[in-house]
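S.K.: Pasting in a structure now, in structure tokens, and then I'll have a few things to ask.
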Amino acid sequence: LLETSPGVAEVTFVEKEPAERHTIISWEQKNSCMLPEDLKNFYLMTDGFQMTWSVKTDDTPMPLGSMVINSVSKLCRLGGSSMYTLPNAPTLADLEDDTDEEGNGDKPEKPHFDSRSLIFELDPCNGNGKVCLVYKHAKPVVSPDTEIWFLDRALYWHFLTKTFTAYYRLLITHLGLPQWQYAFTSYGVSPQAKQWFNMYKPITINTALLSEEADSFVNKLDPNKVFKSKNKTPVIKKKPPSQPAGSQKSHTSMTSSKTSSLAGNSSRK
């Protein structure tokens, strides 16, 4: 499908050998949890997944799509260690806020960065966030129920799917387009990513967010409102300040003296 799409070039699929069963067992023993059956079967077929593709701009291939699922060895726990080797260094657990709203109604309970949940990174998303395999209930015993969540760059959680198989289908359906995971957030994909969506628009279960009007991100300018003449308040011109009484008297005396002198001259003539 990708190779027949217009402008697509350099579709690369990295074939990987199946993961050894003892590698999966040792991972489960190390992390004290059982991998979900669908993810375990996936690793027994291929130890991870990687597929990339580019588009031609001015006859120069530009990397665009990326589909990644980490191998078992890179299925690392998130927030398990300090960010630095310094004593009392901050961890993701320090970001935990007990005032966060828990799952109510349609909203599922969010994962926790502390020991209440186990979080493993499935996809680094090229730095746009992280897709994680989440065991939400790790106390007193790790629950086998898992979910797939998206952690954005602002460290907010967004629910994706209940099973790995459903997430794998989403990954393939969205063709690994940049920031496609943000289509399942409340703020959606960026305008730049939306342009790629419009060009290689996939059929998804989230069609409501993708079927917006093309000009939804354009500022709508109504000239009639912008240049509408407003009722201006009339500007009252201020009268020049009246002269003081003393100056008025001197002015009248000067004019009277001038008229008297003119009268005297005429009488002399």
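Note: Cβ is positioned from N, Cα and C throughout, glycine not excepted.
Those TrEMBL annotations? Automatic predictions, nothing curated.
Quick paste from TrEMBL:
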| type | residues | note |
| --- | --- | --- |
| DOMAIN | 18-162 | domain 'Knr4/Smi1-like' |
| REGION | 89-112 | region 'Disordered' |
| COMPBIAS | 94-103 | compositional bias 'Acidic residues' |
| COMPBIAS | 229-240 | compositional bias 'Basic residues' |
| REGION | 229-269 | region 'Disordered' |
| COMPBIAS | 247-261 | compositional bias 'Low complexity' |
S.K.: As a test of reading the model: what is the averaged pLDDT for the domain 'Knr4/Smi1-like' (18-162)?
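M.R.: Computed over the domain 'Knr4/Smi1-like' (18-162), the mean pLDDT is 84 on the 0 to 100 scale.
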S.K.: What is the three-state DSSP composition of the domain 'Knr4/Smi1-like' (18-162), stated as helix, strand and coil residue counts?
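M.R.: Final tally across the stretch: 30 helix, 44 strand, 71 coil.
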